[in-house]
2 protein chains.
Amino acid sequence: MKFRRSERLIDMTNYLLEHPGRLVPLTFFAERYSSAKSSISEDLAIIKETFEVRGIGSLNTVPGAAGGVRYMVSIKPEEAVAFIDELCGVMTSPNRLLPGGYLYLTDLLGNPETVNKIGRIIAAAYAKKKVDVIMTMATKGIPLAYAVANYLNVPVVIVRRDNKVTEGSTVSINYVSGSSKRIQTMVLSKRSLAETSNVLIIDDFMKAGGTVNGMVSLLEEFKATVAGIAVLVESDHVEERLVDEYISLIKLSEVDEKDKTIHVTRGNYFTKEAF
Amino acid sequence: MKFRRSERLIDMTNYLLEHPGRLVPLTFFAERYSSAKSSISEDLAIIKETFEVRGIGSLNTVPGAAGGVRYMVSIKPEEAVAFIDELCGVMTSPNRLLPGGYLYLTDLLGNPETVNKIGRIIAAAYAKKKVDVIMTMATKGIPLAYAVANYLNVPVVIVRRDNKVTEGSTVSINYVSGSSKRIQTMVLSKRSLAETSNVLIIDDFMKAGGTVNGMVSLLEEFKATVAGIAVLVESDHVEERLVDEYISLIKLSEVDEKDKTIHVTRGNYFTKEAF
């Protein structure tokens with residue numbers, strides 16, 4: 001069965017979007033559509049241009065026998081800024097205030113479009129870096145971790161506070177929570193993470209950074225490397241931050257329970273060079 | 001700026017895939033590409049045909065002023081069968097056996113491609129039904145729940161075993177775990193679920209069905225309706241199942257710790273009429 005160009009473009013777009021970060025040999029597409037490699041190359045040039053113009057991502061062509069094409073996610077800076085500004089606006093609604101100065105954000109993290117957009121923004125910053133695995137802490141970070149992992153096409157490992165029989169043997173560490181100064185435990189299944197992996201740590205919220213710092217210590221037990229740390233929201237009003245190198249999309253600078261005001265701004269993602 | 005047809009096809013494909021289940025007015029695309037509605041209709045006819053031929057999904061066109069086009073996910077039966085058979089093969093590896101007859105599946109649920117494919121298979125069965133919300137129990141069901149939610153474009157609510165300050169006020173129920181017969185608690189944030197919602201319950205594993213049954217009871221507290229129940233793995237060797245109407249992708253019928261054998265087969269998804 002032969003495919004027309006228009007059909008090839010549609011199916012290739014779907015295939016590339018479903019396999020970000022993966023090198024797809026041209027012969028794969030040539031066989032899939034019974035087409036000449038030269039036609040496939042022309043198709044890819046059209047897709048590449050459209051992906052770039054529309055901010056969908058970039059297509060990198062690797063020449064040679066072992067070569068192929070790789071789709072890497074990106075986002076237009078103005079699209080990321082507009083989205084985060086909108087999210088900041090939504091977050092400052094006074095009815096999000098919970099007793100103790102906490103913010104209700106469960107609905108935002110329950111919306112797949114929102115979560116995917118956040119995941120896309122974070123993934124875009126790491127698309128060209130070496131990331132083998134995403135790590136997060138159960139449970140709030142899980143949706144974000146998978147959203148990022150989807151765009152980078154790498155597995156997710158989930159750190160827990162408790163041991164589960166279905167995890168097999170585990171490695172556990174004790175760490176000091178940065179804000180409450182309490183000693184806590186975190187546990188990771190031994191076989192879930194290969195040694196010397198490059199690990200991107202993702203979390204929804206960072207205050208002093210105790211949890212993130214704990215994950216960094218846990219990675220040392222696995223002889224793994226921190227490829228990066230990214231959080232959705234960082235809280236600004238802490239004396240001493242335990243973590244230095246990280247990106248945040250949103251900075252929560254003030255919550256006034258009495259006046260019912262919440263002050264949030266763009267995070268350091270938008271001032272870092274990487275962006 | 002005018003767009004050529006090839007560019008429109010690529011960008012529309014991306015847009016539709018990113019917004020499953022949503023009715024997109026033709027005028028939206030006409031404005032996006034400064035094109036006549038008649039050209040957009042022709043584009044959509046090409047996309048529709050390719051989506052159907054390649055098993056990507058279906059495009060439904062709603063006529064009239066309030067009309068538009070809606071992408072709904074699907075999967076070819078043979079693709080679903082091949083994937084589940086492969087997954088069954090992977091699951092029966094003896095080194096997955098944990099003490100107590102449990103199976104190590106964390107790596108499978110950590111792989112976004114695997115999770116997305118499972119999500120796609122489940123979503124395909126509910127794409128034409130009325131689903132407002134996906135519900136799951138923390139923590140193992142979360143990745144699957146989001147994968148299904150992505151394809152149906154509906155929010156996720158997460159039931160927990162414990163109260164969290166960041167959830168605001170909650171509704172909690174006690175339920176009896178089907179296999180251990182212990183009384184347990186489950187908690188859902190009050191404002192996370194609107195009354196009278198149609199809720200699809202997703203979980204990774206079901207034994208007697210106590211957890212799923214608990215979620216059904218919790219839904220009654222919210223005056224919500226069960227739109228469906230879908231699990232990745234059901235365990236076959238139980239005396240009495242607490243849940244009747246559900247779909248499962250995989251059936252675990254026997255785990256022999258001594259002989260190190262695991263027996264799994266396709267779940268009832270593949271024998272139900274829906275499929």
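Placed from the backbone N, Cα and C atoms, the Cβ positions cover glycine too.
Please treat TrEMBL annotations as automatic predictions, because they have not gone through curation.
Note that this is a predicted model, so its numbers are computed, not measured.
TrEMBL lists A:4-72 with the feature domain 'Bacterial purine repressor N-terminal'. Look at TrEMBL and you will find A:107-250 tagged as domain 'Phosphoribosyltransferase'.
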Checklist entry - In the domain 'Phosphoribosyltransferase' (A:107-250), how many residues does DSSP assign to helix, to strand and to coil? => result 48 helix, 48 strand, 48 coil
Checklist outcome for this item: Checked against DSSP, the composition of the domain 'Bacterial purine repressor N-terminal' (A:4-72) is 38 helix, 13 strand, 18 coil
Checklist entry - Tell me, what is the mean pLDDT of the domain 'Bacterial purine repressor N-terminal' (A:4-72)? => result 95
